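The annotation active site, electrophile is assigned in Swiss-Prot to 96. According to Swiss-Prot, the active site, proton acceptor annotation covers 165, on the basis of sequence analysis. Annotated substrate binding site per Swiss-Prot: 9, 10, 11, 171, 204, 225, 226, in sequence order, evidence recorded as sequence analysis.
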């Protein structure tokens with residue numbers, strides 16, 4: 001696994017036609033991305049098959065936006081690791097704040113998803129983060145530590161990514177100060193008890209702040225939302241500059 005992972009989460013955006021147009025514009029802009037910098041896109045499930053074909057031989061990997069812990073069964077609206085592997089998917093996002101919030105996903109369920117992903121050769125991107133209310137009450141560190149310890153239980157921490165996404169910064173235009181994001185990512189590394197673990201930052205990442213974010217010592221990549229929907233914007237993020 002690369003030491004730096006730049007991932008774009010499209011959420012519930014992009015038809016197959018729009019995904020094709022995006023890739024046509026994006027790929028020419030990332031030809032000179034430095035070696036060792038992994039680029040990842042997490043499209044909606046409907047576009048995975050299309051992108052799997054288009055991206056063959058490129059320097060872009062695919063991620064799913066979720067994955068179930070069973071290989072098959074009566075789990076309406078879910079998708080299994082084996083289904084994803086058929087389409088050359090390499091990563092799986094689990095524990096994003098939106099399914100945590102809207103579908104009441106627990107740390108136990110997220111842990112099951114992460115373990116299932118690893119057991120099938122996928123690299124889980126385990127999302128953690130606090131709400132603004134939790135931060136204002138001084139509970140941020142306790143909440144994130146619980147998510148890390150329970151979400152990563154019985155996993156191989158050298159073969160996964162933790163994405164720190166303060167919920168109050170997702171899609172709001174508010175960005176956690178780079179030094180504070182770096183501090184939390186450093187704590188996550190301690191709580192995981194694995195110096196080699198890869199940690200991303202997510203939360204209103206955009207071309208204007210990517211260079212500062214990636215200059216931080218404990219941040220190994222980013223998980224990008226809205227800014228990953230525009231090929232030029234995501235290309236600038238992919239080509240971030242190192243001082």
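Keep in mind that glycine also has a Cβ here, set from the backbone N, Cα and C atoms.
With the fewest other Cβ atoms inside 10 Å of its Cβ, the least crowded of the recorded positions 11, 96 in this structure is 11. The substrate site, placed at the center of the C-beta atoms of 9, 10, 11, 171, 204, 225, 226, has further neighbours from the same chain whose C-beta lies within 8 angstroms: 170, 224, 227, 228, 229.
Our reading of the substrate binding annotation (9, 10, 11, 171, 204, 225, 226) yields a largest Cα to Cα distance of 14 angstrom. In this structure, the C-alpha atom of residue 96 (active site, electrophile) lies 15 angstrom from that of residue 204 (substrate binding site).
Taking a C-beta cut-off of under 8 angstroms and a sequence separation of 6 or more, residue 225 (substrate binding site) has the following same-chain neighbours: 8, 9, 11, 170, 171, 202, 204, 205. Ranking the binding-site residues 171, 226 by how many other Cβ atoms lie within 10 angstroms of each Cβ puts 171 at the bottom. Ranked by Cβ neighbours within 10 A across all protein chains shown, the binding-site residues 9, 204 are led by 9. Between the alpha carbons (Cα) of residue 165 (active site, proton acceptor) and residue 226 (substrate binding site) lies a span of roughly 14 Å.
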